[in-house]
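**Student:** Attaching a single structure in structure tokens format; questions to follow.
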Amino acid sequence: MAREKFERNKPHVNIGTIGHVDHGKTTLTAAITKVLAKKGQAEAQDYAEIDGAPEERERGITINTAHVEYETDGRHYAHVDCPGHADYVKNMITGAAQMDGAILVVAATDGAMAQTKEHILLAKQVGVPALVVALNKCDMVDDEEMIELVEMEIRELLTSYDFPGDDIPVVQVSGLKAIEGEADWETKIDDLMTAVDASIPEPEREIDKPFLMAVEDVFSITGRGTVATGRIERGKVTVGEEVEIVGIRDTRLTTVTGVEMFRKLLDEGMAGDNVGLLLRGIQKEDIERGMVLVKKGSITPHTKFEGEVYVLKKEEGGRHTPFFAGYRPQFYIRTTDVTGQITAFTSDDGSNVEMVMPGDRIKMTGELIAPVAIEQGMRFAIREGGRTIGAGVVSKIIE
């Protein structure tokens, strides 16, 4: 059968399954595709296909991630599932798979475990906006009170991490029984997807956000002026609009006098476009890679921030030795390296550590030598001599 052309008539949402190892994330993912395939809304995939996810490289870090897609009556979903716990940590920190929401899978037989907590914390820190709980393996628990206890415990746990624990839907499912085709459990998968449709908000489209383009290159065109090139990250920019040049040096205001793409002149550039912007009154030496062009007043540069960081193992091309507070690497932010200092750090659970070993996950405070347009939720890499030794996400702006 020929593959049908994918219809882009439904809003697109990115989600994923998170939760403790062996609580059934991959089985549930397979069950969702199987149940929705009966309505022609997915291609059924079995456990082995999803579990045998190929390795991907994101910013020099190897991550195993499975991608499946399916639709409900109202939406199209791209869904990520990772086989290993370390893959989740790397995935969420590097933003390899940006999630608009997640299905937290908790086995009713076990309740919340160590990684359940870690994934909820990670979701909070990297800015996953909404969760839905799938209480899995409910076919294996006869005692209704036991299930209620697990549900209460999860709600309290979610609340303790600043998620709305009382309001988040908790749906009792059995991924395995749904795959085996038991009608009652298939219905529960439908219930889960109804909850996901209702509780995970549609993401604001990049084009509706304020304009931002990171400068990749700068040219000077005789008689016309200075052109900055890059990919528009969000929003749109029109000819004649005032924009600010932010980062590294003092913020400057300029007017976009031309927008070019593939050597053609356009009236406007929008999110996703690779463009050249002609800037009025700007010399080639006034602007450099690493600065950003933004909608006037939409962003301020910062030097000090907190971040969640995954430090690469030696086998991943990371450092072979630990580092200590005061370590001065480069922070690769959007398009450029900025020297900075890791002034303080703790272990990811907030406990004090003296040094950071390759393979660790830490919370750190970083201070850059020059102000840059950093924002909460933004991804960065930590580099040393041009090679990546860590990946992070900005969890808080300090100044």
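Positions of Cβ are set from backbone N, Cα and C atoms, glycine also.
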**Student:** Which stretch, out of 45-49, 60-64, 155-159, 365-369, is listed as region 'G2' by Swiss-Prot?
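**Tutor:** Matching range for region 'G2': 60-64.
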**Student:** What range among 19-26, 203-210, 219-226, 347-354 does Swiss-Prot record as region 'G1'?
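**Tutor:** From Swiss-Prot, the annotated region 'G1' range turns out to be 19-26.
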**Student:** Identify the region 'G3' range according to Swiss-Prot, selecting from 81-84, 229-232, 333-336, 337-340.
**Tutor:** 81-84
**Student:** Enumerate same-chain residues with a sequence separation of six or more from Lys25 (GTP binding site) and a Cβ-Cβ distance below 8 A; give 'none' if the list is empty.
**Tutor:** Thr17, Ile18, Gly19, Asp81, Val105
**Student:** Any same-chain residues 6+ apart from Cys82 (GTP binding site) with CB under 8 Å of its CB? Would you list them in sequence order, or say none?
**Tutor:** Gly16, Ala53, Ile63, Asn64, Thr65, Ala66, Tyr88, Asn91
**Student:** Looking only at residues six or more beyond either end of the region 'G4' (136-139), which have a C-beta under 8 A from one in the stretch?
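**Tutor:** Tertiary neighbours of the region 'G4' (136-139) are 23-24, 27-28, 105-109, 147, 172-177, 185, 188.
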**Student:** By DSSP, how many residues in the region 'G4' (136-139) are helix, how many strand, and how many coil?
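**Tutor:** Looking at the region 'G4' (136-139) with DSSP, the answer is 2 helix, 1 strand, 1 coil.
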